[in-house]
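According to TrEMBL, the compositional bias 'Polar residues' annotation covers 39-49. The region 'Disordered' annotation in TrEMBL covers 21-49. For 69-108, 267-302, 315-352, the entry in TrEMBL reads repeat 'NHL'.
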Amino acid sequence: MEVQWKYREIKTAAAITEKFETNTRKIPSPQDYRRSYGSPKSNEQENTTVNIPVNAKWAQQGVTVAGGHRLGSDTNQLNRPRGLFVDDDQTVVVADYYNDRIIQWKKGDTTNGQVVAGGNSKGSGLNQLNGPADVLIDKEMDSLIICDWRNRRVVRWSRRNGTTQGEVLVDNIRCWGLAMDDQRYLYVSDYEKHEVRRYQLDGKNGTLVAGGNGKGDRLNQLNDPYYLFVDQQQTVYVSDYNNHRVMKWTKGAKEGIVVAGGQGSKSDPKELLYPQGLFVDTLGTLYVSDFDNHRVMRWTQGAYQGTKIVGGNGRGIEAKQLEYPRGLSFDRLGNLYVVDCFNHRVQRFSIE
């Protein structure tokens, strides 16, 4: 079948082009959650601070909030989307990979999104993108920062009306994932060099913060680092794609700590199969897209194995299914957003 063929293509291309406890207390309702925890305050930058109860549950039927009208290039469509960013007002900004653009859907938009960067066909001009893999919002500068994967650069596009092109922040880098800390340092994964670096926003003085010791599976190595999350202590979490694990690197550490997976590449709850997007809440609970298992997993601090929170019902297009999930994030209320890559949509799973 065509879908199966496309899947095999992505798996083989990875090496060539993309390197591609049970608690019985009552589960809080959204109202209980807001009373108990308050409205979480957003960091000024990339990561939203979210207080999620350790035993929270989410609706198993996702709601499409972006795309979902088959593969295509119209403004109501996506084409193999990658990373995403969810703003404080629940605006969803998506790296629309094969459409070479960044497109956003505001809360309540059920049909068309708005192209906010690129969309001028693929190319290397400053008004173009070529395979954007991730995106975040720099609120202080009111701009988008984009991993422009095939152009080997990180670019910034203003969000102000009338913007027609971006500017290069970091060049000659095979970037995939982005994050920003409270001090406005930019973190970029480079899966060609198997490392993560921290940059000032002028793109200079890149400092190694994870990996950088060649391709491998030792604790001081990475094997195709993809997505990133950085907490308020500047701890860096990395989805270590081809090692089937998530690594945690504390500030200044010479090696990382395995916090999820790394015990094989199967569908067992203690394992991950090509992990992708990730998020860490204020309790240190990790959420990760388990790409080839078509599910999102939760790992509490120190846990030997994870628990499935959504998906895991086989690959498919039904509301309870995912097909190769990539980026993920949460809004301020704890609702989960997942880039459902091969279904060309973004799904929201409401916290219960």
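Each residue, glycine too, has its Cβ placed from N, Cα and C.
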Quiz item: When you scan the chain for residues with a C-beta under 8 Å from the repeat 'NHL' (267-302), skipping those not six or more beyond its ends, what do you find?
Solution: 21, 40, 47, 49-52, 54, 83-84, 226-229, 231, 237, 239-242, 244-246, 259-261, 308-315, 321-330, 336, 338-339
Quiz item: So what's the mean pLDDT when you look at the repeat 'NHL' (69-108)?
Solution: 97
Exercise. By DSSP assignment, list the helix, strand and coil residue numbers for the repeat 'NHL' (315-352), in that order.
Key: 3 helix, 19 strand, 16 coil
Self-check item: Within the repeat 'NHL' (267-302), residues counted as helix, strand or coil by DSSP
Solution: 3 helix, 16 strand, 17 coil
Self-check item: Tally of residues which DSSP labels helix, strand or coil - the repeat 'NHL' (69-108)
Solution: 3 helix, 15 strand, 22 coil
